[in-house]
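Trainee: Swiss-Prot feature annotations, pasted as is:
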BINDING   15, 42, 109, 132, 188, 288, 384  substrate binding site
BINDING   72, 108, 109, 132, 188, 219, 247, 248, 249, 258, 288  pyridoxal 5'-phosphate binding site
MOD_RES   250  N6-(pyridoxal phosphate)lysine
């Protein structure tokens, strides 16, 4: 008789955003006349930049001719894209990252879930609390998190690093030493950031205790303040302790195109074994490469026109963030984020739970957001709104919320 991976049975309910989708669909079916504004899931709404569309058209045309047709992509990504990433995202910032330390994939979500394949199940993970739920859920699937404790909304074998208003929604070094540390800055969901000096403390700590940092920098393009690092490799010693995850979804609107990359320096080792070699083996075995046309589109993001056009889109979303932030403040809400990230983190009013406020906004204002408790136990009593809607819908949503 075959057996299943019973770690999946430990997972509570469905994935956060799947649960939200089901609740919204049920409400819409019962109230077909209501116009629902979605400021929940972090999906973009603006079209792809013209430079990206031009690259897609050109590469699709190439696929129509035998002499320029491309089949399977190289395991680790085409050289033209990896070089563009290394030059623009790292060398221009003074970071020693080479093209052959970059692994192209179909997105940061896939990589954040798959990176655990190269680590022993015995490793203990530490996560910011609250944080993107994929980190914990995928480690639970692998059997790394112990048992789920419903009354605590937490796992028994996870080191939670509370990110609360008292700490400016940034984590403090954990008292219990973990093996794998997940950091996400600018943070999803709180929108918080840390300075380069603060990040350096984490790098020094990881090197001291022999931990590895998995650094999710999916939102680095939204950074506006000069003392906030765009990559962990701006910190001295990061090459020996850090893996960085990046995405084209938020900086270039590739949510429907799918492209990302992971950086693993060759200096990052466990004993004599490089994590670079392990991930290369895993990547080559389980992934057949991002499509040629998508990688050409990614290359176009780094062109002069691509940078200008995607920069304008980022400014559009950050104007939405400013609108939400200022609108909620004027309505008396306690809010943060929205400065270096497209997320606004607000305290629920009248001591409502996160899900109570979700239902309240949906039913009374027909606005969808994300319950903070879905990101971890310290997210209870908070709520996330995204700036990825249209400006018109953002303004309309704020008018409805302020009228409550």
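Glycine is no exception: its Cβ is also placed from the backbone N, Cα and C atoms.
Any idea what these are sitting next to in the structure?
Mentor: Residue 188 (substrate binding site): 28 other CB atoms within 10 A of its CB, across all protein chains.
Counting only residues at least six positions away in the same chain, the Cβ atoms of 112, 184, 188, 189, 216, 375 sit under 8 Å from the Cβ of residue 132 (substrate binding site).
According to its DSSP assignment, residue 250 (N6-(pyridoxal phosphate)lysine) is helical. Around residue 250 (N6-(pyridoxal phosphate)lysine), taking its Cβ as the centre, 26 other Cβ atoms fall within 10 Å, counting all chains.
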Trainee: At 10 angstroms around each C-beta, which of the binding-site residues 15, 72 has the fewest other C-beta atoms nearby?
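Mentor: Counting other Cβ atoms within 10 Å of each of the binding-site residues 15, 72, the minimum falls on 72.
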Trainee: What subset of the recorded positions 72, 247, 250 lies within 10 angstroms of residue 109 (substrate binding site) at the C-alpha level?
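Mentor: Cα filter at 10 Å returns 247.
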Trainee: Quick one: of 72, 247, 249, 250, which recorded positions lie within 10 angstroms of residue 288 (substrate binding site), measuring between C-alpha atoms? Sequence order, please.
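Mentor: Hits: 72.
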Trainee: Measuring Cα to Cα, tell me the gap between residue 72 (pyridoxal 5'-phosphate binding site) and residue 15 (substrate binding site) in whole angstrom.
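Mentor: The separation of the Cα atoms works out to 32 Å.
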Trainee: Could you say whether, by DSSP, residue 109 (substrate binding site) belongs to a helix, a strand or a coil region?
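Mentor: Assignment for residue 109 (substrate binding site) reads helix.
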